[in-house]
Every structure is written in C-alpha cells, then in structure tokens.
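Trainee: Shown below is the structure under consideration.
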Amino acid sequence: MADTAPQPSKRKRERDPEEAEAPSTEEKEARVGNGTSAPVRLPFSGFRVKKVLRESARDKIIFLHGKVNEASGDGDGEDAIVILEKTPFQVDQVAQLLMGSPELQLQFSNDIYSTYHLFPPRQLSDVKTTVVYPATEKHLQKYLHQDLHLVRETGGDYKNITLPHLESQSLSIQWVYNILDKKAEADRIVFENPDPSDGFVLIPDLKWNQKQLDDLYLIAICHRRGIKSLRDLTPEHLPLLRNILREGQEAILQRYQVTGDRLRVYLHYLPSYYHLHVHFTALGFEAPGAGVERAHLLAEVIENLEQDPEHYQRRTLTFALRADDPLLTLLQEAQRS
C-alpha cells in the first residue's frame, strides 16, 4: 500500500501527463487556467473511437484517437485524443472499503487463495482523463506506439546536427515562462528561490496527484533563461545546480517528510522541452524516462562539471529516439558517412 502524503492546508487542484504521457509544449501553453472541483463537461460533444494509439495493462492506461463534434455540422468532425488512466490507491479509502461489505464476484478459489472482481463505490472508481483537443497529426504521431532506437551523439553531432535541427523546430516554451512569471499554476508552487540567475521554482509534476508518496514527482524549473539542456551546462551554472539539489531536497523534506536519500534527482537528455529543469522522484517509483539511456543524476552532473569544465560539450551521450523522429534519420546518416 502507498504511504499517504501530508495534505497542505491550501492545496488546490492537480492535473496531468510526459514522454508518451506528457503534454506537448503546445498543449501546456494552452492551459493557463486553474482547475476546479465543480462538475465540468468535456470540451467537445461525442467521441467516436477511431484508433487505440497505445495501451498498457501494466500501467493501467490507454490512449484513444477519436472524432468529435460530428453532429454539430463541422463536416467530418474534429480529431481529439483522450487518455484514460486508473488512479493510484489511497490507504484510508481502501481500508474503509474493506471494512464494509463491498460488492464482489468470485473468479477463482483454491485452498487459501481466492480471486474476486470488486466493484468499488464512486469515490474509489475515478479515472484520470487527459484530453488533447483539437489534436493535430503531430499529436497523433506522438502518442502512437513507435519502436525506439538508441543513438550515440558526439559533441560534434550536437553542434552540427541536433542543435540546428532543434532550432529549426517551432518549440514554444511560453507555458514555462507563464509558470515562472506566476501567470499560471502559481498555486501549485511548492518552493521558490527567486534569484534570477541561480534560482528556481519547484512544482509537482502533472503525473503526480499528491495523494500518496510512492509516486512522488516534482520538477525544478530554473529562472534563468537560455539554458536549453545538459549540453549547455558549464561551471558557470554550478551555483544554480547546487541550489536546485540542496534546496529542492530540503523543500521536499519539509513539505512531504521525504529525505534526500529516498529521492532520485536527475536531468533528462534529450529533455522533453528545452528550458533547463530537474526531476525529483521517489526512489522506488519507476518514473517515465528514469532509465539509464535518458536520466543523468544531478549530483553526478555537478561532479562532472567540477572535474571537467567542458564535460558536456565533449562527451558522447546515448539516448533513445522514436522510429519516426527526423533527428534519428539525421544522426544515423551522419554516422554512416
């Protein structure tokens, strides 16, 4: 069973999902409002399933592509993506359920073992629902299952291939600036160091509902602009990185009573968006992107920069790309030539 997270006195709403679970920068930029506990409706009428883009029995999640608003006279309707995910259990609610007389159907019984289908009440049967609407072809491809391929990017590859490719894309991060400028999600900020050069904000990741600690997940977003990724880091950024590591761990300890040795603190490369940010997750949580091919522990990043000022400009970095990613083709062609 999951630990129960302490509930702050004025905690407001949470929302969602990264990688395949994450909203794109365009999606995040659009959500500048705050949530509400009042009943609401989906932002479209009807939903005719066209395709299951992806599903995972292990993660209890499914990604659906559908047509909406078909009855409103908009021709063939519009595309939308709906992501349905079972929410984690909460100890107090489950304990209360089992103390009562839950509705059960026996599936299997043998000696001391038995399996049932249990039909929970409404408060235990919620499904986290993420909507991407209107959805573009780019969104559909993003959530569609794709094979992954490992690539090894040299420092030269980054300067000559990856960076020009990124600069050719329209990768808006206005949603990040909205958070930093308190235009959106200000009520969700757990901690802030306001220093414009070496400060940051700490905010719960959208994948974490803050109702239990087993899947604790927060993001530190630096105030300083222009640091795109690990490749940009030099000793000039050590004060910022040390602040994020030390103050982020202290803030999480104070707020959630989780010590630093129970946290995984790391950066992604490649990141999902190009403004420096650091992930804080519960050590036992298998967070998306926490594998060795993408996660770089912040403590080791700091040590690498202390020992070699140009470590991340020189080092060959390994990461995975989807089969349909144009960058994969560019890097593979360069390595063959």
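Yeah, the Cβs are placed from backbone N, Cα and C, and that goes for glycine too.
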Trainee: Kindly point out the range from 142-154, 181-193, 298-310, 324-336 that Swiss-Prot annotates with motif 'nuclear export sequence (NES)'.
Mentor: 142-154
Trainee: Of the ranges 10-13, 14-17, 194-197, which one does Swiss-Prot flag as motif 'nuclear localization signal (NLS)'?
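Mentor: It is 10-13 that Swiss-Prot describes as motif 'nuclear localization signal (NLS)'.
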Trainee: Tell me which of the binding-site residues Trp175, Tyr274 sits in the most Cβ-dense spot, judged by other Cβ atoms within 10 Å.
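Mentor: Counting Cβ neighbours within 10 Å, the top one is Trp175.
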Trainee: Around Asp205 (substrate binding site), how many other C-beta atoms are within 10 angstroms of its C-beta?
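Mentor: I count 22 other Cβ atoms within 10 Å of it.
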Trainee: Across the motif 'nuclear export sequence (NES)' (142-154), what does the mean pLDDT come to, as a whole number?
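Mentor: Computed over the motif 'nuclear export sequence (NES)' (142-154), the mean pLDDT is 91 on the 0 to 100 scale.
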Trainee: Using C-alpha positions only, work out which of the binding-site residues Trp175, Asp205, His268, Leu270, Ser272 is nearest to Lys142 (N6-acetyllysine).
Mentor: Ser272
Trainee: So which residues does the motif 'nuclear export sequence (NES)' (142-154) touch in its own chain, when a touch means Cβ under 8 Å and the partner is 6 or more beyond its ends?
Mentor: 20, 24, 53-54, 63, 65, 81, 83, 132, 161-162, 293, 316-324, 328, 331-332, 335
Trainee: Relative to the Cβ position of Lys138 (N6-acetyllysine), how many further Cβ atoms are located within 10 Å?
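Mentor: The answer is 9.
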Trainee: Cα-Cα separation of Ser272 (substrate binding site) and Lys138 (N6-acetyllysine), in Å?
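Mentor: The separation of the Cα atoms works out to 15 Å.
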